[in-house]
Amino acid sequence: MSARAAPSRRRQAGRRLRYLPTGSFPFLLLLLLLCIQLGGGQKKKENLLAEKVEQLMEWSSRRSIFRMNGDKFRKFVKAPPRNYSMIVMFTALQPQRQCSVCRQANEEYQILANSWRYSSAFCNKLFFGMVDYDEGTDVFQQLNMNSAPTFMHFPSKGRPKRADTFDLQRIGFAAEQLAKWIADRTDVHIRVFRPPNYSGTIALALLVSLVGGLLYLRRNNLEFIYNKTGWAMVSLCIVFAMTSGQMWNHIRGPPYAHKNPHNGQVSYIHGSSQAQFVAESHIILVLNAAITMGMVLLNEAATSKGDVGKRRIICLVGLGLVVFFFSFLLSIFRSKYHGYPYSFLIK
């Protein structure tokens, strides 16, 4: 039974082949060539990706941050394929640019990149690069970037979003803040290791030695410890430092000022109420000190029992200090809190 059925099945298959349309053979051949081409293209992408990752790992083994010009930026950051994330700092480190903020940000960026490079979690999923304005002007123009320094995250898939640009003006550029931002964008957690800094210890030792030496020299007469004026001056210095935002600067690590790399204009006052510069803290400290001095002079003019003419001059000087510097302080407040309706003398 099975021997008779075998020739019958072969005859039926032959009939099906005879009735197969002749136009289908080119289609099958084209489909076969397309599959071969797709397979070859995928293999080519894999080889290209492997070459890029190998090159990036080689650069990372030499330096934790590698510098890029326009061609390298387009090849390793913008062009596919990519299965890695890139953190790029756009800066202007050349001396003629006179960007002190760029140098400070570069130091923090270097600390962060070194912490990642020498950590046990280091892998080929995250790399750190840098584009200097004088080495990649075309990159700045391509990204419509008009300020430096700027930190951007380029994800492995898709285009960078708004949150992929680090808010340096509000948060500052401390390595710890950058590490937190990177963790939010890439899920890569970097523990920052800072090199030992003994300047604080040395300063504290000098201060203790100075105070100890002063107490030793004045050991027979310690009445100065009970001097109200001295303690009042110390208290005022602490109050001025805290009200000017020095603690915020210590935590956030903002730049001293901001210099526009195109026109060279330097800004000492931040335009937002959510951030400030170090220079801004110094300005506020001086203004508060001047207003306080004016108030002290007014009090002195009212309570002293000296010459009336002299007291009147002291009163006018104190009033002038309070009026002028308070008006200046209020104008800075209005520039940061847009829409604040009140002003005094200076707008």
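Placed from the backbone N, Cα and C atoms, the Cβ positions cover glycine too.
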Swiss-Prot topology check: Cys102, Thr303 same side of membrane: no
Position flagged as N-linked glycosylation site [Swiss-Prot], chosen from Asn83, Asn197: Asn83
Where Cys102 (disulfide bond) sits in the secondary structure, as DSSP reduces it to three classes: helix
Counts of helix, strand and coil residues, the topological domain 'Cytoplasmic' (298-312), according to DSSP: 11 helix, 0 strand, 4 coil
Contact set, same chain, for the transmembrane segment (222-242): CB under 8 Å, 6 or more residues outside the stretch: 215, 285, 288-289, 292
Integer Cα-Cα distance in angstrom, Asn83 (N-linked glycosylation site) to Cys102 (disulfide bond): 29
The topological domain 'Lumenal' (243-276), counted residue by residue under DSSP: helix, strand, coil: 8 helix, 4 strand, 22 coil
Contact set, same chain, for the topological domain 'Cytoplasmic' (298-312): CB under 8 Å, 6 or more residues outside the stretch: 318-319, 322
Cys99 (disulfide bond) CB neighbourhood, other CB atoms within 10 A: 24
